[in-house]
Amino acid sequence: MTSIAISSGSFDPITLGHLDIIKRGAKVFDEVYVVVLNNSSKKPFFSVEERLELIREATKDIPNVKVDSHSGLLVEYAKMRNANAILRGLRAVSDFEYEMQITSMNRKLDESIETFFIMTNNQYSFLSSSIVKEVARYGGSVVDLVPPIVERALKEKFKTPLK
């Protein structure tokens, strides 16, 4: 049986923290789908198409990673892909409560899909897409926070020179 995991998020933009979780998940599962979900409570900075392209470029050297988007329930997408796992990263205890609520709802919707949590490496425990955008907006260096393709895309959007 092939083990298939879904790593989902808004990825607006993808960070090295996201990439760390994806790479580690790709070592455990046969296939990992990185899925851009449309979060109705967030106003995206990058379009879905831009985010997909940034993720594809950032994960191009991980052969068992596929990139996609979805507008519905994550559990429905997982069923469509015959996935048996949802992969989630935890940065801090504060993430756990929210993730536990989502996991409980996903289990209620489909008990056959398990959620696996991976603790973020300490070097990324503070990192979020929101922080990255804030630093880039004011011309700060994001070189140690995002893949090079994302750094270039942020500089282009904010019209700031590369540092």
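In case you wondered, yes, glycine gets a Cβ from its N, Cα and C as well.
Lifted from Swiss-Prot, the feature list:
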type    : residues                                                                    : note
BINDING : S10, F11, H18, G89, L90, R91, E99, Y124, S125, F126, L127, S128, S129, S130 : ATP binding site
BINDING : S10, K42, L74, R88                                                          : substrate binding site
SITE    : H18                                                                         : site 'Transition state stabilizer'
Please determine which of the binding-site residues listed here (S10, S125, S129) has the lowest count of neighbouring CB atoms within 10 Å.
S125
Of the binding-site residues K42, L74, R88, within 10 Å of E99 (ATP binding site) (CA to CA), in sequence order, we find R88
Given S129 (ATP binding site) and K42 (substrate binding site), what distance in Å do their CA atoms have, once rounded to a whole number?
12
Spatially closest candidate among K42, L74, R88, the listed binding-site residues, to S10 (ATP binding site) (Cα to Cα):
K42
Longest CA-CA distance among S10, F11, H18, G89, L90, R91, E99, Y124, S125, F126, L127, S128, S129, S130, per record bound to ATP, angstrom:
18
Quick one: what's DSSP say for L90 (ATP binding site), helix, strand or coil?
strand
Taking DSSP three-state, what's L127 (ATP binding site) in: helix, strand or coil?
coil
Would you mind listing, in sequence order, the residues at least six apart from R88 (substrate binding site) in the same chain with a Cβ closer than 8 Å to its Cβ?
S7, I21, E99, I102, T103, T115, F116, F117, I118
Fewest Cβ neighbours within 10 Å, where candidates are the binding-site residues L74, L90, L127
L90
In the structure shown, which of the binding-site residues H18, K42 has the fewest Cβ neighbours within 10 Å?
K42
Across all chains shown, how many C-beta atoms besides its own are within 10 angstroms of the C-beta of E99 (ATP binding site)?
14
